[in-house]
Amino acid sequence: MNAKNPRRFPEDFVWGSATASYQIEGAAAEDGRGPSIWDTFSHTPGKTLNGDTGDVACDHYHRLPEDLEHIAALGLDAYRFSIAWPRVQPGGSGSFNQKGIDFYSRLVDGLLERGIKPVATLYHWDLPQELEDAGGWPSRDTAYRFEEYAEQMARQLGDRIHLWTTLNEPWCSAYLGYASGVHAPGRTEPAAALAAVHHLNLGHGLAGRAIRSVLPGAQVSITLNLHVARPVDPSSVADVDAVRKIDALANRAFLGPLLDGRYPADLWEDTAHVTDWSFVRDGDTATIQIPLDVLGVNYYSTNLVRRWDGTGDPGAADGHGNAAGSPWVGASDVEFVRPPGPYTAMGWNIDASGMTELLVRIHREYPDLPQMVTENGAAFEDVVADDGSIHDPKRISYLHDHIDAVGAAMDDGADVRGYFAWSLMDNFEWSYGYDRRFGIIRVDYDTGQRTWKDSAYWYRDVIARGGLPAT
Ligand code: PNW
(Lines of atoms letter the chains of each structure in order from A and count residues from 1; the text may use other names and numbers.)
(Lines give C-alpha, C1' and ligand atoms only; values in the text may rest on other atoms or scores of the structure.)
Protein backbone atom coordinates (compact mmCIF):
# COMPACT_ATOMS: atom_id res chain seq x y z
CA MET A 1 0.00 0.00 0.00
CA ASN A 2 1.46 3.32 -1.04
CA ALA A 3 1.40 6.26 1.33
CA LYS A 4 -1.96 7.95 1.04
CA ASN A 5 -3.59 11.07 2.29
CA PRO A 6 -6.51 10.75 4.65
CA ARG A 7 -9.87 10.80 2.94
CA ARG A 8 -13.13 12.14 4.33
CA PHE A 9 -16.60 11.28 3.13
CA PRO A 10 -19.77 13.39 3.31
CA GLU A 11 -21.50 13.62 6.67
CA ASP A 12 -24.53 11.70 5.39
CA PHE A 13 -22.50 8.95 3.67
CA VAL A 14 -23.90 5.61 4.80
CA TRP A 15 -21.40 3.18 6.32
CA GLY A 16 -22.71 -0.34 6.50
CA SER A 17 -22.01 -4.02 6.42
CA ALA A 18 -23.91 -6.81 4.73
CA THR A 19 -24.98 -10.43 5.10
CA ALA A 20 -27.49 -12.77 3.46
CA SER A 21 -30.08 -15.06 5.01
CA TYR A 22 -28.91 -18.47 3.80
CA GLN A 23 -25.29 -17.61 4.50
CA ILE A 24 -25.76 -16.82 8.19
CA GLU A 25 -29.11 -17.85 9.64
CA GLY A 26 -29.08 -21.63 10.00
CA ALA A 27 -32.30 -22.92 11.63
CA ALA A 28 -33.12 -24.28 8.21
CA ALA A 29 -36.06 -26.39 9.33
CA GLU A 30 -37.24 -24.37 12.30
CA ASP A 31 -40.38 -22.39 13.04
CA GLY A 32 -42.03 -23.37 9.80
CA ARG A 33 -39.29 -22.46 7.32
CA GLY A 34 -39.72 -24.31 4.04
CA PRO A 35 -36.86 -25.72 1.95
CA SER A 36 -35.07 -23.52 -0.54
CA ILE A 37 -33.06 -24.41 -3.63
CA TRP A 38 -29.90 -23.87 -1.58
CA ASP A 39 -30.97 -26.52 0.95
CA THR A 40 -31.52 -28.97 -1.86
CA PHE A 41 -28.32 -28.02 -3.69
CA SER A 42 -26.03 -28.03 -0.67
CA HIS A 43 -27.41 -31.41 0.43
CA THR A 44 -26.64 -32.87 -3.00
CA PRO A 45 -23.27 -34.64 -2.83
CA GLY A 46 -20.49 -32.91 -4.71
CA LYS A 47 -22.12 -29.53 -5.02
CA THR A 48 -20.36 -27.67 -2.21
CA LEU A 49 -16.82 -27.85 -0.87
CA ASN A 50 -16.64 -30.45 1.94
CA GLY A 51 -20.38 -31.01 1.54
CA ASP A 52 -21.05 -27.91 3.64
CA THR A 53 -24.66 -26.79 4.04
CA GLY A 54 -26.46 -23.81 5.58
CA ASP A 55 -28.29 -26.00 8.11
CA VAL A 56 -26.60 -24.25 11.04
CA ALA A 57 -24.36 -21.63 9.37
CA CYS A 58 -23.58 -18.86 11.89
CA ASP A 59 -26.71 -19.75 13.85
CA HIS A 60 -27.71 -16.12 13.48
CA TYR A 61 -31.38 -17.09 13.82
CA HIS A 62 -30.72 -17.97 17.46
CA ARG A 63 -28.00 -15.41 18.12
CA LEU A 64 -29.82 -12.35 16.88
CA PRO A 65 -29.51 -10.32 20.12
CA GLU A 66 -25.76 -10.92 20.26
CA ASP A 67 -25.29 -10.06 16.58
CA LEU A 68 -27.25 -6.85 17.00
CA GLU A 69 -24.77 -5.85 19.70
CA HIS A 70 -21.86 -6.41 17.30
CA ILE A 71 -23.59 -4.34 14.63
CA ALA A 72 -24.14 -1.53 17.13
CA ALA A 73 -20.61 -1.72 18.53
CA LEU A 74 -19.17 -1.29 15.05
CA GLY A 75 -21.12 1.95 14.80
CA LEU A 76 -22.74 0.98 11.48
CA ASP A 77 -25.16 3.52 10.03
CA ALA A 78 -26.94 0.74 8.15
CA TYR A 79 -27.13 -3.03 8.09
CA ARG A 80 -27.92 -4.87 4.87
CA PHE A 81 -29.56 -8.26 5.37
CA SER A 82 -31.80 -10.46 3.27
CA ILE A 83 -35.14 -12.02 4.00
CA ALA A 84 -35.37 -15.76 3.41
CA TRP A 85 -38.44 -16.14 1.23
CA PRO A 86 -39.06 -19.75 2.38
CA ARG A 87 -38.96 -18.61 6.01
CA VAL A 88 -41.80 -16.15 5.54
CA GLN A 89 -43.69 -18.01 2.79
CA PRO A 90 -42.59 -21.64 2.97
CA GLY A 91 -43.98 -22.78 -0.37
CA GLY A 92 -43.33 -19.57 -2.26
CA SER A 93 -47.06 -19.07 -2.81
CA GLY A 94 -50.12 -19.16 -0.62
CA SER A 95 -49.89 -18.79 3.11
CA PHE A 96 -47.31 -16.81 5.00
CA ASN A 97 -45.52 -17.96 8.13
CA GLN A 98 -45.96 -15.58 11.05
CA LYS A 99 -43.02 -16.97 13.02
CA GLY A 100 -40.72 -16.27 10.11
CA ILE A 101 -42.04 -12.76 9.69
CA ASP A 102 -41.62 -12.19 13.43
CA PHE A 103 -37.91 -12.96 13.17
CA TYR A 104 -37.35 -10.16 10.64
CA SER A 105 -39.59 -7.88 12.65
CA ARG A 106 -37.36 -8.43 15.69
CA LEU A 107 -34.27 -7.82 13.57
CA VAL A 108 -35.65 -4.58 12.15
CA ASP A 109 -36.86 -3.30 15.51
CA GLY A 110 -33.53 -4.21 17.07
CA LEU A 111 -31.71 -2.20 14.43
CA LEU A 112 -34.00 0.80 14.78
CA GLU A 113 -33.67 0.79 18.58
CA ARG A 114 -29.93 1.10 18.06
CA GLY A 115 -30.23 3.86 15.49
CA ILE A 116 -29.24 1.64 12.56
CA LYS A 117 -30.99 1.82 9.19
CA PRO A 118 -32.38 -1.51 7.97
CA VAL A 119 -31.58 -2.21 4.31
CA ALA A 120 -33.59 -5.26 3.30
CA THR A 121 -32.96 -7.47 0.28
CA LEU A 122 -35.95 -9.56 -0.72
CA TYR A 123 -34.06 -12.14 -2.73
CA HIS A 124 -30.53 -13.25 -2.05
CA TRP A 125 -30.82 -16.59 -3.84
CA ASP A 126 -32.90 -18.77 -1.49
CA LEU A 127 -35.82 -19.53 -3.79
CA PRO A 128 -38.52 -21.71 -2.20
CA GLN A 129 -37.94 -25.21 -3.56
CA GLU A 130 -41.58 -25.55 -4.58
CA LEU A 131 -41.16 -22.67 -7.01
CA GLU A 132 -38.11 -24.30 -8.55
CA ASP A 133 -40.12 -27.51 -8.89
CA ALA A 134 -42.67 -25.46 -10.83
CA GLY A 135 -39.96 -24.19 -13.20
CA GLY A 136 -37.92 -21.69 -11.20
CA TRP A 137 -36.79 -18.35 -12.63
CA PRO A 138 -36.93 -19.56 -16.25
CA SER A 139 -40.69 -19.68 -15.66
CA ARG A 140 -42.61 -16.39 -15.85
CA ASP A 141 -44.85 -17.40 -13.00
CA THR A 142 -41.96 -17.04 -10.52
CA ALA A 143 -41.92 -13.28 -11.19
CA TYR A 144 -45.58 -13.03 -10.18
CA ARG A 145 -44.96 -15.09 -7.03
CA PHE A 146 -42.11 -12.70 -6.20
CA GLU A 147 -44.48 -9.76 -6.60
CA GLU A 148 -46.92 -11.26 -4.07
CA TYR A 149 -44.15 -11.97 -1.60
CA ALA A 150 -42.77 -8.43 -1.95
CA GLU A 151 -46.17 -6.87 -1.38
CA GLN A 152 -46.67 -8.90 1.78
CA MET A 153 -43.25 -7.94 3.13
CA ALA A 154 -44.06 -4.28 2.51
CA ARG A 155 -47.24 -4.73 4.54
CA GLN A 156 -45.53 -6.58 7.36
CA LEU A 157 -42.33 -4.55 7.72
CA GLY A 158 -43.78 -1.31 6.43
CA ASP A 159 -42.07 2.01 6.85
CA ARG A 160 -39.47 0.53 9.19
CA ILE A 161 -37.31 -0.41 6.19
CA HIS A 162 -34.97 2.37 5.10
CA LEU A 163 -34.21 0.90 1.67
CA TRP A 164 -35.77 -2.05 -0.15
CA THR A 165 -33.61 -4.05 -2.51
CA THR A 166 -35.55 -6.41 -4.72
CA LEU A 167 -32.80 -8.72 -5.99
CA ASN A 168 -29.18 -9.36 -5.12
CA GLU A 169 -27.01 -10.06 -8.16
CA PRO A 170 -29.49 -11.48 -10.65
CA TRP A 171 -26.41 -12.27 -12.79
CA CYS A 172 -25.51 -15.00 -10.29
CA SER A 173 -29.07 -16.29 -9.98
CA ALA A 174 -29.48 -16.61 -13.73
CA TYR A 175 -26.10 -17.63 -15.08
CA LEU A 176 -24.53 -19.50 -12.13
CA GLY A 177 -27.85 -21.11 -11.23
CA TYR A 178 -29.08 -22.09 -14.70
CA ALA A 179 -26.08 -21.99 -17.09
CA SER A 180 -22.85 -22.96 -15.31
CA GLY A 181 -24.72 -24.79 -12.56
CA VAL A 182 -22.22 -23.97 -9.81
CA HIS A 183 -25.01 -22.34 -7.79
CA ALA A 184 -28.47 -23.66 -6.93
CA PRO A 185 -30.49 -25.05 -8.56
CA GLY A 186 -27.47 -26.32 -10.50
CA ARG A 187 -29.04 -26.48 -13.93
CA THR A 188 -26.93 -26.19 -17.08
CA GLU A 189 -29.44 -24.93 -19.63
CA PRO A 190 -28.23 -21.83 -21.49
CA ALA A 191 -31.62 -20.89 -22.93
CA ALA A 192 -33.23 -21.23 -19.51
CA ALA A 193 -30.57 -18.94 -18.07
CA LEU A 194 -31.56 -16.15 -20.47
CA ALA A 195 -35.22 -16.67 -19.64
CA ALA A 196 -34.20 -16.41 -15.99
CA VAL A 197 -32.47 -13.09 -16.71
CA HIS A 198 -35.71 -11.71 -18.05
CA HIS A 199 -37.97 -13.09 -15.35
CA LEU A 200 -35.66 -11.80 -12.65
CA ASN A 201 -35.79 -8.36 -14.27
CA LEU A 202 -39.56 -8.63 -14.53
CA GLY A 203 -39.81 -9.76 -10.91
CA HIS A 204 -37.83 -6.70 -9.87
CA GLY A 205 -40.25 -4.36 -11.66
CA LEU A 206 -43.35 -6.09 -10.34
CA ALA A 207 -41.97 -6.22 -6.80
CA GLY A 208 -40.88 -2.58 -6.78
CA ARG A 209 -44.28 -1.49 -8.00
CA ALA A 210 -45.99 -3.63 -5.34
CA ILE A 211 -43.83 -2.17 -2.57
CA ARG A 212 -44.64 1.37 -3.65
CA SER A 213 -48.36 0.57 -3.89
CA VAL A 214 -48.29 -0.35 -0.19
CA LEU A 215 -45.72 2.25 0.85
CA PRO A 216 -45.80 5.23 -1.53
CA GLY A 217 -42.67 6.76 -0.03
CA ALA A 218 -40.58 3.59 -0.08
CA GLN A 219 -37.03 3.73 -1.39
CA VAL A 220 -36.50 0.95 -3.94
CA SER A 221 -33.27 -0.43 -5.37
CA ILE A 222 -31.70 -3.46 -6.99
CA THR A 223 -28.18 -4.73 -6.44
CA LEU A 224 -26.12 -5.82 -9.45
CA ASN A 225 -22.69 -7.41 -9.61
CA LEU A 226 -21.59 -5.40 -12.60
CA HIS A 227 -18.46 -6.68 -14.28
CA VAL A 228 -15.42 -4.64 -15.20
CA ALA A 229 -14.12 -6.45 -18.28
CA ARG A 230 -10.92 -5.29 -19.90
CA PRO A 231 -9.35 -6.42 -23.18
CA VAL A 232 -6.06 -8.32 -23.12
CA ASP A 233 -4.98 -6.20 -26.07
CA PRO A 234 -6.79 -2.87 -26.17
CA SER A 235 -5.65 -2.34 -29.76
CA SER A 236 -7.19 -5.65 -30.91
CA VAL A 237 -10.62 -5.26 -32.51
CA ALA A 238 -11.37 -8.89 -31.62
CA ASP A 239 -10.45 -8.42 -27.95
CA VAL A 240 -12.49 -5.23 -27.69
CA ASP A 241 -15.42 -7.10 -29.19
CA ALA A 242 -14.98 -9.83 -26.57
CA VAL A 243 -15.36 -7.10 -23.93
CA ARG A 244 -18.53 -5.88 -25.63
CA LYS A 245 -20.05 -9.38 -25.48
CA ILE A 246 -19.28 -9.81 -21.81
CA ASP A 247 -20.55 -6.32 -21.07
CA ALA A 248 -23.83 -7.17 -22.81
CA LEU A 249 -24.35 -10.43 -20.89
CA ALA A 250 -23.16 -9.22 -17.50
CA ASN A 251 -24.10 -5.55 -17.38
CA ARG A 252 -26.39 -4.33 -20.12
CA ALA A 253 -28.73 -7.36 -19.89
CA PHE A 254 -29.80 -5.74 -16.63
CA LEU A 255 -29.01 -2.02 -17.02
CA GLY A 256 -30.80 -1.92 -20.39
CA PRO A 257 -34.27 -2.96 -19.28
CA LEU A 258 -33.90 -1.41 -15.81
CA LEU A 259 -32.76 2.02 -16.93
CA ASP A 260 -33.20 2.37 -20.69
CA GLY A 261 -36.47 0.43 -21.03
CA ARG A 262 -35.08 -2.02 -23.58
CA TYR A 263 -32.73 -4.95 -24.01
CA PRO A 264 -29.54 -4.20 -25.95
CA ALA A 265 -29.81 -5.26 -29.60
CA ASP A 266 -26.32 -6.77 -29.61
CA LEU A 267 -27.22 -9.04 -26.67
CA TRP A 268 -30.11 -10.50 -28.63
CA GLU A 269 -27.94 -10.90 -31.74
CA ASP A 270 -25.11 -12.58 -29.81
CA THR A 271 -27.53 -15.07 -28.24
CA ALA A 272 -29.89 -15.60 -31.21
CA HIS A 273 -28.59 -19.16 -31.64
CA VAL A 274 -29.57 -19.89 -28.02
CA THR A 275 -33.00 -18.28 -27.74
CA ASP A 276 -35.33 -16.01 -29.68
CA TRP A 277 -36.17 -14.05 -26.50
CA SER A 278 -39.89 -14.59 -27.18
CA PHE A 279 -40.43 -14.78 -23.43
CA VAL A 280 -40.17 -10.96 -23.44
CA ARG A 281 -43.75 -9.77 -23.86
CA ASP A 282 -45.14 -6.39 -24.85
CA GLY A 283 -45.05 -4.06 -21.89
CA ASP A 284 -42.49 -6.06 -19.91
CA THR A 285 -39.66 -3.58 -20.24
CA ALA A 286 -41.98 -0.76 -19.17
CA THR A 287 -42.78 -2.82 -16.05
CA ILE A 288 -39.10 -3.41 -15.40
CA GLN A 289 -38.15 0.25 -15.83
CA ILE A 290 -39.61 1.48 -12.54
CA PRO A 291 -37.84 4.48 -11.01
CA LEU A 292 -34.82 3.42 -8.98
CA ASP A 293 -33.98 5.47 -5.91
CA VAL A 294 -30.48 4.08 -5.90
CA LEU A 295 -28.53 1.41 -7.76
CA GLY A 296 -26.72 -1.10 -5.56
CA VAL A 297 -23.32 -2.07 -6.91
CA ASN A 298 -21.33 -5.08 -5.69
CA TYR A 299 -17.68 -5.00 -6.65
CA TYR A 300 -14.87 -7.47 -5.95
CA SER A 301 -12.47 -7.74 -8.90
CA THR A 302 -11.93 -7.27 -12.63
CA ASN A 303 -11.99 -9.56 -15.67
CA LEU A 304 -9.50 -9.83 -18.51
CA VAL A 305 -10.86 -11.17 -21.79
CA ARG A 306 -9.89 -11.76 -25.39
CA ARG A 307 -11.18 -13.48 -28.48
CA TRP A 308 -10.55 -17.22 -28.03
CA ASP A 309 -7.95 -18.44 -30.50
CA GLY A 310 -9.45 -21.93 -30.60
CA THR A 311 -6.87 -23.68 -28.42
CA GLY A 312 -7.27 -24.75 -24.81
CA ASP A 313 -10.56 -24.37 -22.96
CA PRO A 314 -12.12 -20.91 -22.98
CA GLY A 315 -14.64 -21.93 -20.35
CA ALA A 316 -12.06 -23.16 -17.86
CA ALA A 317 -11.67 -19.74 -16.28
CA ASP A 318 -14.76 -17.59 -16.08
CA GLY A 319 -12.89 -14.99 -14.13
CA HIS A 320 -14.09 -16.33 -10.82
CA GLY A 321 -12.65 -19.80 -10.71
CA ASN A 322 -15.88 -21.55 -11.49
CA ALA A 323 -14.74 -24.59 -13.40
CA ALA A 324 -18.08 -26.20 -14.29
CA GLY A 325 -20.02 -25.15 -17.40
CA SER A 326 -19.60 -21.63 -18.68
CA PRO A 327 -21.94 -18.98 -17.35
CA TRP A 328 -21.25 -16.92 -20.48
CA VAL A 329 -24.17 -17.96 -22.63
CA GLY A 330 -23.54 -17.51 -26.34
CA ALA A 331 -19.99 -16.22 -25.81
CA SER A 332 -18.05 -19.41 -26.42
CA ASP A 333 -15.50 -17.47 -28.48
CA VAL A 334 -14.53 -15.36 -25.49
CA GLU A 335 -11.60 -16.46 -23.37
CA PHE A 336 -11.03 -15.34 -19.79
CA VAL A 337 -7.38 -14.77 -19.02
CA ARG A 338 -6.20 -14.71 -15.43
CA PRO A 339 -5.52 -11.07 -14.58
CA PRO A 340 -2.30 -10.13 -12.79
CA GLY A 341 -2.33 -10.52 -8.99
CA PRO A 342 -2.31 -10.17 -6.13
CA TYR A 343 -5.26 -12.47 -5.45
CA THR A 344 -7.63 -13.15 -2.58
CA ALA A 345 -8.35 -16.63 -1.22
CA MET A 346 -11.11 -16.84 -3.86
CA GLY A 347 -8.45 -16.53 -6.55
CA TRP A 348 -9.98 -13.19 -7.51
CA ASN A 349 -7.50 -10.48 -8.48
CA ILE A 350 -7.26 -7.40 -6.32
CA ASP A 351 -7.63 -4.22 -8.35
CA ALA A 352 -9.28 -1.25 -6.67
CA SER A 353 -9.07 0.81 -9.87
CA GLY A 354 -11.96 -1.27 -11.21
CA MET A 355 -14.18 0.11 -8.44
CA THR A 356 -13.52 3.68 -9.54
CA GLU A 357 -13.90 2.77 -13.21
CA LEU A 358 -17.24 1.08 -12.63
CA LEU A 359 -18.81 3.81 -10.49
CA VAL A 360 -17.64 6.53 -12.86
CA ARG A 361 -18.94 4.63 -15.89
CA ILE A 362 -22.39 4.24 -14.36
CA HIS A 363 -22.39 7.90 -13.43
CA ARG A 364 -21.46 8.94 -16.99
CA GLU A 365 -24.16 6.75 -18.53
CA TYR A 366 -26.84 7.50 -15.93
CA PRO A 367 -25.93 10.90 -14.47
CA ASP A 368 -29.04 11.22 -12.28
CA LEU A 369 -28.77 7.77 -10.71
CA PRO A 370 -27.40 7.64 -7.15
CA GLN A 371 -25.28 4.58 -6.42
CA MET A 372 -24.40 2.65 -3.32
CA VAL A 373 -21.68 0.03 -2.96
CA THR A 374 -23.76 -2.73 -1.39
CA GLU A 375 -20.91 -5.26 -1.21
CA ASN A 376 -17.15 -5.16 -1.27
CA GLY A 377 -14.69 -7.26 0.65
CA ALA A 378 -12.26 -10.13 0.50
CA ALA A 379 -11.64 -13.67 1.69
CA PHE A 380 -8.21 -14.40 3.09
CA GLU A 381 -6.74 -17.23 5.12
CA ASP A 382 -7.11 -15.75 8.58
CA VAL A 383 -4.85 -16.95 11.35
CA VAL A 384 -5.94 -16.90 14.97
CA ALA A 385 -3.01 -15.85 17.16
CA ASP A 386 -2.24 -17.55 20.47
CA ASP A 387 -3.93 -14.76 22.37
CA GLY A 388 -7.06 -15.22 20.23
CA SER A 389 -6.57 -12.07 18.16
CA ILE A 390 -6.87 -12.18 14.38
CA HIS A 391 -4.47 -10.01 12.46
CA ASP A 392 -5.81 -9.57 8.92
CA PRO A 393 -3.72 -6.81 7.37
CA LYS A 394 -4.53 -7.96 3.84
CA ARG A 395 -8.25 -7.45 4.45
CA ILE A 396 -7.61 -4.02 5.98
CA SER A 397 -5.49 -3.09 2.98
CA TYR A 398 -8.17 -4.37 0.58
CA LEU A 399 -10.93 -2.44 2.33
CA HIS A 400 -8.79 0.68 2.59
CA ASP A 401 -7.90 0.73 -1.08
CA HIS A 402 -11.43 0.05 -2.23
CA ILE A 403 -12.98 2.69 0.03
CA ASP A 404 -10.34 5.05 -1.29
CA ALA A 405 -11.36 4.06 -4.84
CA VAL A 406 -14.98 4.90 -3.99
CA GLY A 407 -13.79 8.33 -2.88
CA ALA A 408 -11.87 8.73 -6.13
CA ALA A 409 -15.05 7.99 -8.09
CA MET A 410 -16.88 10.62 -6.04
CA ASP A 411 -14.10 13.09 -6.86
CA ASP A 412 -14.90 12.35 -10.49
CA GLY A 413 -18.54 13.22 -9.91
CA ALA A 414 -20.12 9.84 -9.14
CA ASP A 415 -23.04 10.21 -6.72
CA VAL A 416 -22.21 7.41 -4.28
CA ARG A 417 -24.34 7.38 -1.15
CA GLY A 418 -22.82 4.57 0.88
CA TYR A 419 -20.50 1.60 1.28
CA PHE A 420 -21.26 -1.81 2.77
CA ALA A 421 -18.42 -4.14 3.73
CA TRP A 422 -18.95 -7.79 2.83
CA SER A 423 -19.29 -9.32 5.25
CA LEU A 424 -20.22 -8.60 8.84
CA MET A 425 -19.12 -12.11 9.74
CA ASP A 426 -17.62 -15.22 8.20
CA ASN A 427 -20.38 -17.27 6.65
CA PHE A 428 -21.48 -19.94 4.18
CA GLU A 429 -19.69 -18.88 1.01
CA TRP A 430 -22.05 -20.75 -1.33
CA SER A 431 -20.30 -23.53 -3.26
CA TYR A 432 -17.12 -22.87 -1.26
CA GLY A 433 -18.90 -23.61 2.01
CA TYR A 434 -17.21 -22.42 5.20
CA ASP A 435 -13.75 -22.66 3.71
CA ARG A 436 -13.61 -19.05 2.52
CA ARG A 437 -13.89 -16.34 5.16
CA PHE A 438 -15.09 -12.88 4.13
CA GLY A 439 -16.04 -11.62 7.60
CA ILE A 440 -14.61 -8.69 9.52
CA ILE A 441 -15.83 -10.73 12.48
CA ARG A 442 -14.59 -14.31 12.75
CA VAL A 443 -17.04 -17.10 13.43
CA ASP A 444 -15.83 -20.25 15.18
CA TYR A 445 -18.10 -22.84 13.56
CA ASP A 446 -17.63 -25.29 16.44
CA THR A 447 -18.70 -22.95 19.22
CA GLY A 448 -20.49 -20.20 17.31
CA GLN A 449 -18.25 -17.68 18.99
CA ARG A 450 -17.77 -14.32 17.27
CA THR A 451 -14.37 -12.60 17.47
CA TRP A 452 -13.54 -9.25 15.95
CA LYS A 453 -10.68 -9.39 13.47
CA ASP A 454 -8.34 -6.39 13.29
CA SER A 455 -10.33 -5.29 10.24
CA ALA A 456 -13.46 -4.91 12.37
CA TYR A 457 -11.67 -2.56 14.77
CA TRP A 458 -10.22 -0.72 11.79
CA TYR A 459 -13.63 -0.37 10.09
CA ARG A 460 -15.19 0.85 13.35
CA ASP A 461 -12.60 3.62 13.40
CA VAL A 462 -13.21 4.49 9.74
CA ILE A 463 -16.91 4.87 10.49
CA ALA A 464 -16.28 6.93 13.62
CA ARG A 465 -13.88 9.16 11.71
CA GLY A 466 -16.10 9.37 8.62
CA GLY A 467 -13.22 8.40 6.39
CA LEU A 468 -9.80 6.87 5.92
CA PRO A 469 -6.73 7.57 8.00
CA ALA A 470 -3.47 8.62 6.39
CA THR A 471 -1.28 5.61 5.78
C1 PNW B 1 -21.56 -12.25 -3.97
N2 PNW B 1 -18.99 -14.80 -9.29
O3 PNW B 1 -21.48 -13.48 -4.60
C4 PNW B 1 -22.78 -12.42 -3.08
O5 PNW B 1 -23.71 -11.40 -3.13
C6 PNW B 1 -22.44 -12.82 -1.69
O7 PNW B 1 -23.51 -13.56 -1.18
C8 PNW B 1 -21.12 -13.56 -1.67
O9 PNW B 1 -20.84 -14.10 -0.42
C10 PNW B 1 -20.06 -12.58 -2.09
O11 PNW B 1 -20.36 -12.00 -3.35
C12 PNW B 1 -18.67 -13.17 -2.15
O13 PNW B 1 -18.61 -14.19 -3.10
C14 PNW B 1 -20.81 -13.73 -5.76
O15 PNW B 1 -18.62 -15.98 -9.45
C16 PNW B 1 -20.54 -15.06 -6.02
O17 PNW B 1 -18.83 -13.93 -10.14
C18 PNW B 1 -19.93 -15.42 -7.18
C19 PNW B 1 -19.61 -14.44 -8.09
C20 PNW B 1 -19.88 -13.10 -7.85
C21 PNW B 1 -20.49 -12.76 -6.66
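Cβ from N, Cα, C; glycine included.
Fair warning: this is a prediction, and the values are worked out from it, not measured in the lab.
Site annotation (TrEMBL): substrate is bound by Q23, N168, Y300, W422, E429, W430, and the candidate from H60, H62, H124 recorded at this site is H124. Here the CA atom of E169 (active site, proton donor) lies 14 Å from the CA atom of W422 (substrate binding site). Site extent for substrate: among the recorded binding residues Q23, H124, N168, Y300, W422, E429, W430, the largest C-alpha separation is 18 Å. Rounded to a whole number, the C-alpha distance linking Q23 (substrate binding site) with E375 (active site, nucleophile) is 14 angstrom. Around N168 (substrate binding site), taking its Cβ as the centre, 25 other Cβ atoms fall within 10 Å, counting all chains. If you take the Cα of E169 (active site, proton donor) and the Cα of E429 (substrate binding site), they are about 15 angstrom apart, rounded to a whole number.
Of all Cβ atoms in the protein chains displayed, 25 besides its own lie within 10 Å of the Cβ of Q23 (substrate binding site). A coil conformation is recorded for E429 (substrate binding site) in the three-state DSSP classification, outside any helix or strand. Taking the mean position of the Cβ atoms of Q23, H124, N168, Y300, W422, E429, W430 as the substrate site, the remaining residues of that chain whose Cβ falls within 8 Å of it are A20, E169, E375, S423, N427, F438.
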